[in-house]
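Per Swiss-Prot, the feature domain 'MGS-like' maps to 1-142. Summarising the annotation, Swiss-Prot assigns IMP binding site to Ser30, Gly31, Gly32, Thr33, Arg60, Val61, Lys62, Thr63, Cys97, Asn98, Asp121, Ile122. Residues or ranges marked as active site, proton donor/acceptor in Swiss-Prot (evidence: similarity to another entry): Lys133. Marked as site 'Transition state stabilizer' by Swiss-Prot: Lys259. Residues or ranges marked as active site, proton acceptor by Swiss-Prot: His260. Per Swiss-Prot, (6R)-10-formyltetrahydrofolate binding site is recorded for Ile444, Asp539, Ser558, Val559, and the stated evidence type is similarity to another entry.
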Amino acid sequence: MYALLSVYDKTGLLELAKALTSKGVKLLGSGGTAKMIRESGMEVADVSSITNAPEILGGRVKTLHPAVHGGILARDIPSDEKDLVEQSIEKIDIVVCNLYPFRETIAKPNVTIPEAVEEIDIGGVTLLRAAAKNHARVTILSDPADYATFTDKFLSDKLTQDDRNTYALKAFASTASYDAAITDYFRKQYAAGVDQLTLRYGANPHQSPAQAFMEQGPLPFKVLCGSPGYINLMDALNSWPLVKELRENIGIPAAASFKHVSPAGAAVGLPLSDVEKKVYFVSDITEFTPLACAYARARGADRMSSFGDFIALSDTVDVCTARIISREVSDGVIAPGYEPEALELLKKKKGGKYCVLQMDPKYVPAEIETRQVYGISLQQHRNHAKIDFSLFEKVVSKNKDLPKSALIDLVIATTALKYTQSNSVCYAKNGMVVGLGAGQQSRIHCNRLAGDKADNWWLRHHPKVLGMQFKKSAKRPEKSNAIDLYVLDAVPAEGSEREQWESAFETIPEPLTKKEREEFLATCKDVVCASDAFFPFPDNIYRLAQSGVKYVAAPGGSVMDQAVRDTANEFNMVFSEIPLRLFHH
């Protein structure tokens, strides 16, 4: 029985060699490994004794030879046995190998590419893969931490095929990890900005280093301006498929306003009424494109949440849309293209540091997606559920009248849920998200949050709000905040906050009375609501009714499904049971 030893990390080497020789195993060693064993007084043959070839190229070629790999890869079958006899090759039953310290080398400051290259192990990786491939016969030890357990079993003749299987898996994992480190290093050296993008830091400033990269080929987006951060890319790469799918499934340009990996707003480009233009702060614009309408709606749905958003647009960005973006506070935008004048407008934001990404509209992500949580890799099939009009065909309520306008809103609300942190509930109306409750552990709390946002959105249409007279010096965020406090009935009666609120106005508006609020909210009708999972109790339906919801979409599966449907029937709602749960994390 032969064992081949070729290690960089010589931890435990001599103890292992001693155990092997005590059982009559003949040792073969390469270079420094053989030297260390020999100097300890044990007998070991150099690899060159079976290859009849010396180490060459300064040690770059030591074990790459048919006499070595034939002995490792040979199976216990007649044809392989015949080949070994004809070539005078002995079988090798045990391989002990670990690799040059590539990771440790590149971690050193100011390491050069030639220095890194010299730590790329070739023969070692080949030994590991060859022995692991033939693990039906060969034992491969790639980790010194396994020597003691192996020795105990080997000396007591208790080494099993299961042990060889485990060692082989570890060897394959070792070579995969090693190659990944090499690829990562050279990706940064030779494909920075193409296959790889170095980020300032991760989710927080202390989480450095950080990067975005593709394992195969170039990144599907180009940075046209600015420097995207980790959170920017999380928002961009979650919001882009949302608008892409809305465009494909509804046929109208779409926009999304993202904050912290959930949409603050999403919409398609339905024309804006004069009232809506006032509500969304675009009444001074005379000409609108569908894309501009889409972003005005997406941004205007929840202006407080959209402050500092990342924008996704389904179509080439035109000048009209760029002008709306240019006067709002946002972090960046992703779109399939930009008109030259529009791009120049966007490049002026943030003193030239505004993040502008151009997405490849033909890019299709891999079917299997992987992420790490606390060092554990989780893998799943990508959520490629198609959300179009056909999804809502199963109507389980007595009222089955689903007009085209409601179907459009259902597609918008449900698609938004697909890219919203769960649990989530979404209200939509007029081609846009009007209230979204995300990331709550309780569905009723999601529902209340979404419903309250929808109520606030509708109250911003109130004549008292539309008639507010702001000072010319009042900035857009100040106006948004003042309106938000007003419609929430949260303006303090006195004090510095009250003074600050009043300072935005030429004329202090009269407060909305409880009666005015209730009467105006009662005029909001035909609202759509979608849920990313079933409604567990009828209390959700009662909350929907408070905000004028007429059309509901949610999956079934609760023991209370019938009670929920019965309650929806009490309010003459149209309830579509969809065959999808849409959790997103």
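Backbone N, Cα and C atoms are what each Cβ position is placed from, and that goes for glycine too.
Features recorded in Swiss-Prot, as mapped to the structure shown.
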residue: Gly32; record: IMP binding site; Cβ contacts under 8 Å, 6 or more apart: Lys10
residue: Arg60; record: IMP binding site; Cβ contacts under 8 Å, 6 or more apart: Ile122
residue: Cys97; record: IMP binding site; Cβ contacts under 8 Å, 6 or more apart: Leu4, Leu5, Ser6, Val7, Gly124, Leu127, Leu128, Ala131, Ile140, Leu141, Ser142
residue: Asp121; record: IMP binding site; Cβ contacts under 8 Å, 6 or more apart: Tyr8, Leu99, Tyr100, Phe102, Tyr178
residue: Lys259; record: site 'Transition state stabilizer'; Cβ contacts under 8 Å, 6 or more apart: Asp235, Ser305, Ser306, Gly308, Asp309, Phe310
residue: His260; record: active site, proton acceptor; Cβ contacts under 8 Å, 6 or more apart: Ile231, Asp235
residue: Ile444; record: (6R)-10-formyltetrahydrofolate binding site; Cβ contacts under 8 Å, 6 or more apart: Phe537, Asp539, Asn540, Arg543
residue: Val559; record: (6R)-10-formyltetrahydrofolate binding site; Cβ contacts under 8 Å, 6 or more apart: none
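Summary for the recorded positions Ser30, Lys133, Asp539: the Cβ-based neighbour count within 10 Å is maximal at Ser30.
Long-range Cβ neighbours of Ser558 ((6R)-10-formyltetrahydrofolate binding site) (same chain, at least 6 residues apart, Cβ-Cβ under 8 Å): Phe534, Phe535, Pro536, Val564. Comparing Ser30 (IMP binding site) with Lys133 (active site, proton donor/acceptor), their Cα atoms are 21 Å apart once rounded. In terms of DSSP helix, strand and coil, the domain 'MGS-like' (1-142) has 65 helix, 20 strand, 57 coil.
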